[in-house]
Amino acid sequence: MFPHVTIVEKPGCGNCVTLKRALKEKSVPHTVMPYVPGVPGSYPIATVGGQRVGYREITKALAMDMFTTSKCFKPFRYNWAEDIRTKHEKVHWVETEINLRDDVTDWKSGVMTPGEKAFVSCVLRLFTQLDVEVGALYLDHLTQVFRCNEIRNMLTSFACREAIHQKAYSLLNDTLGMPDCEYQAFADYGEMTDKLDFMREMDCSTLPGLARSLLRAVLNEGVSLFAAFVMLLTFQRSGKMKGMGKVVEWSVRDENIHVEGVSKLFETLNSEYPWVVTKDLIELFKEDAERVAELEEAFVDLAFQECGPVCGLEPKQVKDYVLYVINLRAANMGLPKLIERAPEACPIPWVKWLIDGADLTNFFENHVTEYETGGLTGSWSYEPLDI
């Protein structure tokens, strides 16, 4: 994972000896060049990927390696990863907590128009598979690279929740009476397969590739899924498909935590390897952001093509929301604007809560998961009853 390092050493330079030893111990490929009198700068002169890197930067990166297997459970090297994992588990839920009785009534009684049914079917056709791909990203790519135990625990916790998301949206499909063939129907739509192809394009074999993959992971979970969330939640505002809305609310809360964890992972990578995110890489980030915007616009057009505006939601609003969220997610990763034409304010005011992941459950009408398991601390004292 660590890129090839070229160092120019100087006779009698203690730091040169220390760096060469560290590179050898970490099995980092490196080339040692002979001293050339008259070359300015402090020694060793190190270059990584064609960029000159200071001695302190490179030794810090070697010491804070996220890619080395932990020798023991504690001490944690990355406390934030354990904190996020704990927060994630405290809002655990399972698909059996969802009540879809009213959704079936809405679907079969005529409350949902044929156009609205087509709209929901289009989104659900892809949604389960999207969560399959997100789970695969964690298990097949990120956990194969990050060997630090607390980071892996966070990532596997995220992957396990994606399995629950898959089951929840599958339960919705099955309860509404959609046949199993609907799970493969996405393959007939280029607007859907193109989105999935983009999600699968991950290269974690190099540090720049890993940084780009982390950005893509945030775009996948923090942008693409949220566009679909908006389209499904619009029915909840009209009192329709409330069970589906609850699945979305709980998924939103999870995905926000996932985005938080992956964004922090990106920031940590950038902090430990500050030479990785270059101007050229940021240009690639912008290309990825534009590609996501293009893919989402095509999918939005597909979803709306049979029904036009749904419950007051216009296609352009969703497209603008995608652009807005792309820049918002980028800012939270410490990156500049990736799309200049994006609106500065949220174009759909009623979905501002999505980014916070708040749960809007009515306590008296539904199960509640807006709680923290084990959240109470301190001691409990009471007087014995005089019976």
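Using the three backbone atoms N, Cα and C, a Cβ is placed for every residue, glycine included.
Keep in mind the model is a prediction, meaning the values are calculated, not measured.
Among the candidates Glu221, Glu294, Glu296, the residue that Swiss-Prot annotates alongside Glu162, Glu255, His258 as binding Fe cation 2 is Glu221. For the Fe cation 1 site, Swiss-Prot records Glu162, His165, and the single candidate of Asp131, Asp140, Asp188, Asp194 listed with them is Asp131. If you measure from the Cα atom of Glu221 (Fe cation 2 binding site) to that of Asp131 (Fe cation 1 binding site), you get 9 Å. Residues Thr128, Leu130, Val132, Val134, Gly135, Arg161, Ala163, Ile164, Gln166, Tyr169, Ser251 surround the recorded Fe cation 1 site, their Cβ atoms falling within 8 Å of the Cβ centroid of Asp131, Glu162, His165, which are themselves excluded. In three-state terms derived from DSSP, Tyr169 (active site) belongs to a helical segment.
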